[in-house]
Amino acid sequence: MAAAVFHQCIGAIQVHSCGTEKSGNSSLRFTSRGFVIDCGLLRKGTCSSHRCKLHVIRACTSDASVMDPISSTSHNAIDCSQNTSIETALILIRHGESLWNEKNLFTGCVDVPLTKRGVEEAVEAGKRISNIPVDMIFTSALIRAQMTAMLAMTQHHRKKVPIVMHDESKEAKAWNQIYSEETKKQSIPVITAWQLNERMYGELQGLNKQETAERYGKEKVHEWRRSFDIPPPNGESLEMCSQRAVAYFREHIEPHLQSGKHVMVAAHGNSLRSIIMYLEKLTSQEVISLELSTGIPLLYIYTEGKFMRRGSPVGATEAGVYAYNRTLALYRQELDEMLH
């Protein structure tokens, strides 16, 4: 990666100057064929010859903004909160219709696949995001979310292949290795996480929603489904689901956005509502009224330490989506040139 190359080759540079400043900040821009790197210089002292640490702020390639992969693995390794040059895309997609959605059954954490309609919704979602860069994909551990992510990527104009990463054992990790650097460049890692699963509906799982309302009363079932902190029998409340989903997002997904990666998350109604509650700083009352349709992507832009909602990139509004963001506009231009 561009940032990694400069990090290895430069490390620090010698600056020869005279001045009375006790401290100060400067910046440099390195331009080469294929990429541009903006760097920040942090300097101290007044001597005529002093050493300055070089910090890579932004590295742009023809595909997307990237950072040194070593320093992007944790919150502590890189501080991007004050980095105004970072602009990355976050795509959220609720899985397409499942077989139990079709049968009007409480699904929760039961691992149910998509219906034919769900497959079509996933493909349509892929068409809507086909011009938006995707560097990493996160899904839940449930097949309906994984199917949605994989089917969506079949429509992407970059034609990169999503590959599920396996680290559940030493053998699984070793057997999943790719030994071609060129193939790696044409691949997108897919990370599955149970923390992104749908909320666990406890003793309601597998029950018909209408029959359950008749048995327990509509008000009680509505309370279980739409309250923030009241769980169904032996199940999770939205609050409990939010605790695990948001914690995972902050620890494992947000650092990649901060380091310049464009990320797609394919998950479920309640885990995504939880994440949106965090992104948009919604109250517990606001989030319980939030509805997410199956197979409809939502686009957020991460910049200057904030998430800005751009709605769903669909049809004629897509041009408007790109107009809001410099990085996506450049990406779209390069993509058009590649395709034509």
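Residue positions begin at 1 at the first shown residue.
From the backbone N, Cα and C atoms, a Cβ is placed for every residue, glycine too.
TrEMBL entries are annotated by machine, without manual review.
Because the structure is a prediction, the values reported are computed rather than measured.
Annotated active site, tele-phosphohistidine intermediate per TrEMBL: His95, in sequence order. Look at TrEMBL and you will find Glu198 tagged as active site, proton donor/acceptor. According to TrEMBL, the feature substrate binding site maps to 94-101, 107-108, Arg144, 198-201, Lys209, 225-226, 269-270. Residues annotated as site 'Transition state stabilizer' in TrEMBL: His268.
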Listed recorded positions among Glu97, Trp100, Lys209, His268, Gly269 whose Cα sits within 10 Å of the residue listed as 'active site, proton donor/acceptor': His268, Gly269
Which same-chain residues, if any, lie at least 6 apart from Trp100 (substrate binding site) yet have Cβ under 8 Å of it: Phe106, Thr107, Val110, Val112, Gly206
Cα-Cα distance linking Gly108 (substrate binding site) and His95 (active site, tele-phosphohistidine intermediate), given in Å to the nearest integer: 13
